[in-house]
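Asker: The structure under discussion is supplied below as structure tokens; questions concerning it will follow.
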Amino acid sequence: MRALEIEVFSCRTDNYGVLVHDPETDLTATIDAPEEGPILEAAARRGWKITHIFTTHHHIDHVEANLALKEKFGCEIIGPVNEALAIPGLDKTMADGDEFHFGEHLVRVIETPGHTAGHICYHFPDDKILFAADTLFALGCGRLFERTAADMWHSLQKLSVLPDETAIYFGHEYTLSNARFAVTIDPDNERLKARAEQIEADRAQGKFTIPTMMGLEKETNPFLRAADPAIRRNLVMESKTNEEVFTEIRKRKDNF
Ligand code: ZN
Ligand code: FE
């Protein structure tokens, strides 16, 4: 099986667009459809035709180009069953644990409620790739619009059991602000400090921070580290539950 090819580009203000191409079957999926123009340009740049849209959640910055792309390419739109009515042009719904194939590549759906009630992530286990959209960012996690912090903590736990070598593609370039926040929560984490410095340098040059890796996130992303003794000590929350610690970290980020 030949490796998937991935094209990453920026759209809107801070969204990432991601195209996934299977060279064997010529299938091309766009992960969400944030903005028509940049998606068309990226596809043309690579000579790919959009055959699928993998929708993660209903927010406008993830579905705005659904109908335009469908009209142009006749592509199939797949999305979360729990947000089916809010997703334009949806053809096929997916729930937690559902599996399908993209060419010969296995795709597993992971429901991650928190940012929205029905948000799903697309995991390609054999390719070790996760499309996490607005659930898990480099050094961050999505804001809680439709579900509780406890729900989001549980969702992030489901992602964090994936192998360390999983490449994570996320929905927004928030990495610099996430890094500046993360060091306030986990100030003695040497790996985080080094990473934050690298991000400052990379973003000053406009470099993309996507993808990240699960192993790196587990070592440096405070939203995955509510159980870490140093973080708990820093927050003076040694006796609290992981959910409570996560809730406090999320609240602090909202006010950062
Ligand atoms: Zn969103
Ligand atoms: Fe978004």
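Backbone N, Cα and C define each Cβ position, glycine as well.
Unlike curated entries, TrEMBL annotations are predicted automatically.
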Asker: May I ask you to find which of H115, H154 TrEMBL records for the Zn(2+) 1 site already listed with H57, H59, D134?
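Answerer: Of H115, H154, H115 joins H57, H59, D134 in the Zn(2+) 1 site that TrEMBL records.
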Asker: Suppose a student reads TrEMBL and sees D61, H62, D134 listed for Zn(2+) 2. Which of H21, H172 should they find annotated at that same site?
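Answerer: Zn(2+) 2 site check in TrEMBL: besides D61, H62, D134, the record includes H172 out of H21, H172.
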Asker: Starting from the Cβ centroid of D61, H62, D134, H172, which together make up the recorded Zn(2+) 2 site, report each further residue of the same chain whose Cβ lies within 8 Å of that point, ordered by sequence.
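Answerer: Everything else in range on the chain: N15, D32, P34, T56, H57, H59, A133, G171.
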Asker: How many other Cβ atoms are found within 10 Å of the Cβ atom of H115 (Zn(2+) 1 binding site), counting all protein chains shown?
Answerer: 25
Asker: Of all the binding-site residues here, H57, H59, H62, which one's CB has the most other CB atoms within 10 A?
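Answerer: The largest 10 Å Cβ neighbour count belongs to H57.
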Asker: Other residues with Cβ within 8 Å of the Cβ centroid of H57, H59, H115, D134 at the Zn(2+) 1 site?
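Answerer: My list of surrounding residues reads T56, H58, H62, T116, H119, A133, T135, G142, F145, G171.
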Asker: Suppose we draw a 10 Å sphere around the Cβ of D134 (Zn(2+) 1 binding site). How many other Cβ atoms does it contain, all chains included?
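Answerer: Excluding its own Cβ, D134 (Zn(2+) 1 binding site) sees 27 Cβ atoms within 10 Å.
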Asker: If I restrict to non-local contacts, at least six residues apart, and a C-beta distance under 8 angstroms, what lies near H172 (Zn(2+) 2 binding site) in its own chain?
Answerer: D14, N15, Y16, D134, F137
